[in-house]
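Encoded as structure tokens, the structure appears first; notes follow it.
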Number of protein chains: 6
Amino acid sequence: MRPSGRKLNEMRSVSIETGVTKHAEGSCLIKMGDTHVLCTATIEDRVPPFIKGSGLGWVTAEYGMLPRSTSSRMRREAATGKQGGRTVEIQRLIGRALRAGVDRVALGERQITIDCDVIQADGGTRCASITGGWVALRLAVDKLMKAGLVTSNPLVDPVAAVSCGIYAGQPVLDLDYPEDSEAGVDGNFIMLASGRLIEVQMSAEGATYSRDQMNQLLDLAEKGVAELVVAQKAAVNA
Amino acid sequence: MRPSGRKLNEMRSVSIETGVTKHAEGSCLIKMGDTHVLCTATIEDRVPPFIKGSGLGWVTAEYGMLPRSTSSRMRREAATGKQGGRTVEIQRLIGRALRAGVDRVALGERQITIDCDVIQADGGTRCASITGGWVALRLAVDKLMKAGLVTSNPLVDPVAAVSCGIYAGQPVLDLDYPEDSEAGVDGNFIMLASGRLIEVQMSAEGATYSRDQMNQLLDLAEKGVAELVVAQKAAVNA
Amino acid sequence: MRPSGRKLNEMRSVSIETGVTKHAEGSCLIKMGDTHVLCTATIEDRVPPFIKGSGLGWVTAEYGMLPRSTSSRMRREAATGKQGGRTVEIQRLIGRALRAGVDRVALGERQITIDCDVIQADGGTRCASITGGWVALRLAVDKLMKAGLVTSNPLVDPVAAVSCGIYAGQPVLDLDYPEDSEAGVDGNFIMLASGRLIEVQMSAEGATYSRDQMNQLLDLAEKGVAELVVAQKAAVNA
Amino acid sequence: MRPSGRKLNEMRSVSIETGVTKHAEGSCLIKMGDTHVLCTATIEDRVPPFIKGSGLGWVTAEYGMLPRSTSSRMRREAATGKQGGRTVEIQRLIGRALRAGVDRVALGERQITIDCDVIQADGGTRCASITGGWVALRLAVDKLMKAGLVTSNPLVDPVAAVSCGIYAGQPVLDLDYPEDSEAGVDGNFIMLASGRLIEVQMSAEGATYSRDQMNQLLDLAEKGVAELVVAQKAAVNA
Amino acid sequence: MRPSGRKLNEMRSVSIETGVTKHAEGSCLIKMGDTHVLCTATIEDRVPPFIKGSGLGWVTAEYGMLPRSTSSRMRREAATGKQGGRTVEIQRLIGRALRAGVDRVALGERQITIDCDVIQADGGTRCASITGGWVALRLAVDKLMKAGLVTSNPLVDPVAAVSCGIYAGQPVLDLDYPEDSEAGVDGNFIMLASGRLIEVQMSAEGATYSRDQMNQLLDLAEKGVAELVVAQKAAVNA
Amino acid sequence: MRPSGRKLNEMRSVSIETGVTKHAEGSCLIKMGDTHVLCTATIEDRVPPFIKGSGLGWVTAEYGMLPRSTSSRMRREAATGKQGGRTVEIQRLIGRALRAGVDRVALGERQITIDCDVIQADGGTRCASITGGWVALRLAVDKLMKAGLVTSNPLVDPVAAVSCGIYAGQPVLDLDYPEDSEAGVDGNFIMLASGRLIEVQMSAEGATYSRDQMNQLLDLAEKGVAELVVAQKAAVNA
């Protein structure tokens, strides 16, 4: 029934390749099916003005799509002269999500910027960015710990994200683009490996949903996140 | 325990005054306690390019805060040269929420723009904008119906929104600013009067939450939205 | 003969309500007939770089129109990405006018920003902004004086402004929108309560005027400003 | 008493050289003492959307200062990314002033753009731009008339402008930069050769003025404009 | 003597992998040593306004660097609000270079946009973009030819580019970043496979050069381009 | 054969008038036939951040065209909101070229900005800007030397630039606009008076060229630069 032939509760194949760029302190290329996102982590000693001198660290994110990551070419945002509303929303979400998994005291007064650049898009780029972004973050923090600059682990539990939605009347896990563009209801679910929730964004376009349906999607999301955490752990220990 | 002395499940006093500007096709000033938002509806015959010729209508929204709506003065976005990320996020949310309650076929090929301008802010401006925005929209649609331009009611069920959060360890309804700035977890809940969900955005900053807590907030939100719908209905029938 | 039925030298009804927002150091809602402008004053300890260390104070202004303050909706300047030429001209005028009535030594090295936001427009918004702006400024300065931060009154004489023009061949006082859009000659007259002039801007579009006509408008303006000053004094003493 | 040694009612030397660029339909370099402005007129067959099909013509203006036209280098507005408030105000004034001297029916549905670029600044650049701009406009219209495209003269009477102010307590004609930067009151007076007024902008910074003083400045301005008109007529007939 | 240990006339290892993104009509990932650029080609039926109706085709290019493609993180141009001068210069060069190798009559009235996005930078990104850009272009044109939309081959001869410079007093081929940042003289040489020149840009910073030196670099460039053409041909025939 | 009737190796008449604006530390109006560029030099004590404290000087340039310097009016870049790609490219080239002729140690930690504003364009504006820019720079440096602020001459050898191209199959010197718009190959050649090369930019649009042709253009350029240097020396010694 799903265009890809997947079962309702079946994720796309996930692969996370680390160390893909030589300059970044942490990096990975995450592939969720045909969605490919390059995530890099940059460590800097400066922090935003509003926490200067607080001893607390900061994690932030930027997101972009290559112009031809999509089926028809998008205008390059650098040429347009500004980041679109969707881009701004997504990068704020990624930053907020990752910070929820960071002990900012343990990190110390430094900033880590996660850049998520979509090489190829097929739905779910924001969730892939969070899941891959955590891996890049983990690798960068590992460098700080190996160098003795950070002594207590600030990343206690992995952060991962997956989208679920109601497609053709059925709750399905990990929407790809053909499903996403048809689904009247879809949500992004961001969790810790422990199952604790960080953020739920569940919205409808031309439809509404019941609390029952919301709970069905949450059940699917828990399954999906558990599988993503396995992939994250394998990647960072590789 | 709440700074305002309200009970955990107690809303701020709500007032919705309609007909507050002479030019707009629909307008109201909504007050949720000290949060005051002016909502106006503008009807135009043109629609965005992507639905031209489809026969479908469109509802969109813009949001702004007056520079001194807040405790310390904010920079005027018109002077800054762009709308900030938070503004863009909020106005996209308002538009999406209101569209979910509109039968776009019945509306016909026209656009209604809801402007939500915050005169005074004390937390919950996006929810007040949605709740008041629906009233302005309803009044504008009433004009179209009286004029015979729209014959079938495109607004079957009111749309309203309320925020809830976990404040000092307790689930509370309708966060005001002192609560909002302290709450580690807060959510915006947008529903139809029927209780069907349109959008849930529940996020944590420096904290996480369980599914149980999520359900407690949803219970509170259902209570709040029911009260808001009463105020909306009273306003549009006044 | 005037669309509103007013006499040639008759002002619209004026009302000035103070204390309309809880955050600003001074505020009022001024109504000149159907023109409604919200004026707020913000006190800050910093001054612009060019007077830093001079001991002198600064008063500046910003002006905006809500998108649906007008008969057909205007584009929101924050969305357009810049303030239009008319906006910039008006806010520079308001700031210059108010500064002319301020003893900047007595004010001391601090800045007061007057925000003038047009809620509903029906002609004469810049004059209403100046007249209402002075009230907000006065209230903010009163706070400084009550707190002992300013000891000598920096606002010796009220500043008020009114527009006059030649409509249907006749000099008329306090143009409303239907008059303003037809008048070939119109002027803005800014004065102290004493009658001393601060700024005269009298321009023609598709017409010219004689010195005699200019003097007739000045006579009208003196009458109008005297009435506005009465309203200002009543408002700040209320 | 004046820094330049001029008498109170003495203009700077005026020179207007025409035909200074080969591409423009009309051009001149106007020198008011050390203030040098290059004015060019461009004829185009299109008009702004709001008069399309009306049969009426349009005259508009743009103004700029070369970065080193001033004593210390100004930032280039093209590099800054926008025209400053002062620039916008001035170019709107120039356009409005010139239009007041144009019979837009006789001009026919075409647009003439006057570009005024300040090569060297020493006070009074906006007045020089209007006076020189009229010459460029006249020359462009002459071309249209010679070509038979315009048959009735749309420029009945020259438009010229001069600044006056109160300097060291005395009313003086044609302020140069050292006077302008000291004068508490200064005005720009735009007139037809006939003496009819087009626009008066008379403002005070840190001072106020009486109606008597205003009349003294108007007297001076009438003298100055008469002299400018002589120079304009000599230039266009050369 | 070279930091990399390469001989003076030795290129970095070159690899060109095609078909790297599923959406683009042509794509490749070109690696010149540690410089990695993703090149995609997009075919569109529209052409720029200045050639509309001419029957001629157009090839254009856009260039960008991922924020962490470099040793320290660069600001994202989409966030900055504009493309920097270097970016604009490079993308204009890429477009001009590729057009020189295209028979625009044979291409027919359509546009091909080459996006060159630097994944990892180590010197020579603009040359890699041209060389890889031609491969993406070739693959896109092949699609048009296979579909019968283009019947005569518009790409007669490959276009390739290489940088050469004077490093430590010696002419060297294919500068990497450590060389590029030290070289007082460096040039970019763009040629057809036939050896005909398309563009030479040879500049000095804090140095100058003789015609003899220029000829030595041209000799090296001819060698380098010949090797690149071999790699291009292998890639497109793979 | 050339539209102007010039011989293949004949320059346009060159004139360089110095001291044309009273504010700049150095200035000239350079005329290459009908191409007229105003060049001014501004000395400032600050340097860009990346060389602060290094003791080294900096020379930079900005370039602009007056809107009606061209045959049809160009949009004013200040109004457009940004400098176009061509402008940015040219001003970077001018700055780089002039720096190549400066001993930055001898100049000392100060910045000289060369503004090149095109009053009238007829091809070759970037070369005229470099040649005239050097004259303005020389005059500014002379002031520093006369004042004893610079003691060792930082400008050892004049920098000049000329364009050459292949027009109607023939190599020609100093392209004017009618030639430039037809030439398939054209180059800009920047040299020291000694004949040492600073920058060569030789590009083809819809054509290619051989090394022989490149050498022919270089021969022409050497002749042209020698003549320009004579004019520069005459101007600065006048």
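Quick reminder: no glycine exception, Cβ is built from N, Cα and C everywhere.
Keep in mind that TrEMBL annotations are predicted by a computer and have not been checked by a curator.
Keep in mind that this is a model prediction, so the values were computed, not measured.
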*A:Gly124, A:Thr125, A:Arg126 bind phosphate per TrEMBL; candidate in A:Arg76, A:Arg86, A:Arg99, A:Arg104 listed for that same site*: A:Arg86
*Would you say which of the binding-site residues A:Arg86, A:Arg126 has the most Cβ atoms within 10 Å of its own Cβ?*
A:Arg126
_Local Cβ density at A:Thr125 (phosphate binding site) - other Cβ atoms counted within 10 Å_ = 25
*Within the chain of A:Gly124 (phosphate binding site), which residues six or more apart in sequence place their C-beta under 8 angstroms from its C-beta?*
A:Met32, A:Thr35, A:Val162, A:Ser163, A:Asp174, A:Leu175, A:Asp176, A:Asp180
_Just checking a number: largest C-alpha distance across A:Arg86, A:Gly124, A:Thr125, A:Arg126 for the phosphate site, rounded to a whole Å._
13
*Confidence summary for the domain 'Exoribonuclease phosphorolytic' (A:10-140), mean pLDDT rounded*: 96
*Excluding A:Arg86, A:Gly124, A:Thr125, A:Arg126 themselves, which residues in that chain have a Cβ inside 8 Å of the centre of the Cβ atoms defining the phosphate site?*
A:Tyr63, A:Ile90, A:Val118, A:Ala121, A:Gly123, A:Cys127, A:Ala128, A:Ser129
_Quick check: in three-state DSSP terms, what is A:Gly124 (phosphate binding site)?_
coil
